[in-house]
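S.K.: Take this structure, written in structure tokens, and hold onto it; I'll ask about it next.
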């Protein structure tokens, strides 16, 4: 839409960020879940930069096999290389590839944005891991020739062709992955057992009139294991009462928070949307981390918003902060909004409110070192 | 003197939505503190039929606008919804004295109030702007410093309890009123009447009211300030509004007409304590303006361009006849709330950037300040003695700042959402302070968007101890070396970074009570009660516990004693 695009350009005027592009995405039949997540990822600057770098270094390989990541990289490259600053792009190739690969997204039914985000990130991880393994295999077969070569910009943590059993760390992990630690303390012998697990996003239970801060606290609250939930203590060699707690052992550079707004109601046999008002601040600090990462600060840069009263219909839009401006992406429409307008997407204090625009996936970027 | 009316509202609170909310179980009409039960006494709200949001922004969402769906035989569903950006209700307490002068003028009044002929009453005023902010301000009070004296002066509120419900036609010119804003209207309710509806509704035609403040000692009768979303400011006489039968502002003085000086939202407004009619208005663009009430709101006011928008700067008006007379550029981002210390010496501001800033008002200099743990700060309040400041905001914490130590001395943890109102309870005294003039224990309250009211006890003797343990020498807190101590650690005019989570002692609340179904926006303490307000404009008056039966006394008896507490209040740390 030329009219809407020029309107946005006028609104920004000479404040339009240099080298930036603001493009809406066409909708190919209920693909707003896809469009809104892609916008959030495009304005996740570390992700965009890595993907464009990957695209540049792989463009010369003409016989490269097409996959979801190459289609995504191609789409991002299309946006960033546009001569116009604003406009509309059709993510046709990406959507076709997505539907071809995953039967779940093949229908024209409304899809869940969080499922799509999870699928996409894990798919990119799989592709990068395969390539890293292939590179490793090549190194092993030709160990005498340039063993320190860095293929595809990946950080391969090995030397002299020695095979490691360590998990492969891709740039997606460096951007999105954090580590949770499950601490269980036996109440009899006081032994603490810790089990780590990685995450690419956090899914939080929500409560009416709460905040992200309190939802994160509840995520890490202490749970007592007793009665039928007793814990088998290795030291006591028997089932014992215990206390369990989840903490963030290592926070990610990009913290993605998914609000569990869809709850299965047994009596109804279907999911119901929780329109709860959950306030999310523009800056955040995690208080449920282990000691070295205390007080690490995050800044909100994107929100995927679910519009509608139920999970199986409705709409998705995204809010994006780019160069200190907030933008509203609604498929092909792109508008600038006030920072205070972000608060209108917190949710409703009333159950049957006319406001059905609710923040669903929050994207925070770390302002400090998390290594 | 207790209220003669004993009407107790036992049902759950009414909501602006007509349907009962199944998500929310019934809210209790009382809560317990160590000194006894606070009971829900009255409720105030606005007439729902009058509500409209003509000045609200409209955000239109079109659902399922995917035209291509029709080719796949799906039903095309187009729903247009208007989501209004509602502005939050703020509440101001206003006490009007008897119109006829009493026969015995008060000898203890200061020279600034001598012309009024009788003692000034203490009135806690709350005024704020968009997004839950509370401003605590004590009217010109003859320089009373300690809480005890203020409590005695505050006892004059008992006089109003004998007042019957006043209608517009027989308004007798005295009483205690609650001023609150909802939508495009200002409502005035009688604090001591059991009527739920306001006695007065005023519709603002040009913009939405955002904040208001009351001055109990205003000389020429213009005692109520109103700040609008368009930036405009009005001063009016509360008495005149109550006497008039119309629904518009009567005899209003207009400042910043049509936002001619500043057209961003007026977020907080306050009278200068002990002043001669000066007031300050804070705006969403980070500017604060000082006005003289008696000057015309000149349309040719202009100020120099701001040199550095990130730095604090003060500019005087170019022309001597201009009003406002000065612009203070506080910093980038909205000012969310402002508060004067009781004596008017200091002005505190909190804002979008998360900083609490404390200025010396007369010298117009930044004294000190600190950043929140994270996020914006939404509200601030001074203790009566000017020793402590409370702030609350988006980190869900209540922050206690010490003016002596120039640091954050405690964090109150307990809210499950943003803190939208804080206030010290200057009418509460700890049993330990009997006899001694020094107040070693403070009671304060906070309200949040989690719909909770929390009450806190602050006992400084217990708080100070953990601060002495960290290494780095032995800091001396004796009075003699205080000034040297400050100069060595924190230079004047410095904004401190956010404290770390492990460095600040934590407070737990004495009481946590869900008082409304909607996020809260205001909190006021009075002699006999505390008042909570939610963002939708519902007010609740909670009567203080009776620790001893209150004896009946004459309305004009100035020596009504404050009931003493018999229970031991435990310190929280």
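Just so you know, glycine gets a Cβ as well, placed from its N, Cα and C.
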S.K.: Kindly point out the range from A:83-100, A:101-118, A:119-136 that Swiss-Prot annotates with motif 'Bipartite nuclear localization signal'.
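M.R.: Spelled out, Swiss-Prot records motif 'Bipartite nuclear localization signal' over residues A:83-100, not the other listed ranges.
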S.K.: Just to be sure I understand, if DSSP states are collapsed into helix, strand and coil, how many residues of the motif 'Bipartite nuclear localization signal' (A:83-100) fall in each?
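M.R.: Per-class counts: 9 helix, 4 strand, 5 coil.
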S.K.: Which of the three DSSP-derived classes (helix, strand, coil) applies to residue A:315 (active site, proton acceptor)?
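M.R.: Looking at the DSSP assignment, residue A:315 (active site, proton acceptor) belongs to a strand.
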S.K.: Between the Cα atoms of residue A:32 (active site, nucleophile) and residue A:315 (active site, proton acceptor), what distance do you get, rounded to the nearest Å?
M.R.: 6
S.K.: So for residue A:32 (active site, nucleophile), how many other CB atoms are inside 10 Å of its CB?
M.R.: 27
S.K.: Neighbour count, 10 Å Cβ-Cβ cut-off, for residue A:315 (active site, proton acceptor): what number do you get?
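M.R.: Its Cβ shell of radius 10 Å holds 26 other Cβ atoms.
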